[in-house]
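Novice: A single structure is presented below for examination.
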C-alpha cells in the first residue's frame, strides 16, 4: 500500500505482504485489514475452501468413459 504525503511517497507494510489469500487476490483496506477476492470455485476468508461441485467442464473425462465401458462389457460377459 502506498501512502502519499505532501512532500513524498512512502510504503506501508500491510497484511497482504504475508500472502494470506491461498488462491485469491489480497486487497489491503488498511495496514491491519484485508479482504481476499476468491476465483471461481473457491470460498472462505482466505480462499481456502474448494467447492466440491465446481467443475469447469461438464463433459465426462476419458477415464470416466473408459470405466463405464469396462463395466458395461463386464455385464455383457456375465
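Each Cβ is built from the backbone N, Cα and C atoms, and glycine gets one as well.
TrEMBL: automatically predicted annotations, no manual curation.
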Novice: When TrEMBL marks a stretch as transmembrane segment, which of 38-57, 58-77 is it?
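Specialist: Range annotated as transmembrane segment by TrEMBL: 58-77.
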Novice: Whole-number answer please: how many Å between the C-alpha atoms of residue 26 (disulfide bond) and residue 38 (disulfide bond)?
Specialist: 9
Novice: Residue 16 (disulfide bond) to residue 47 (disulfide bond): how many Å between their Cα atoms?
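Specialist: Cα-Cα, rounded: 14 Å.
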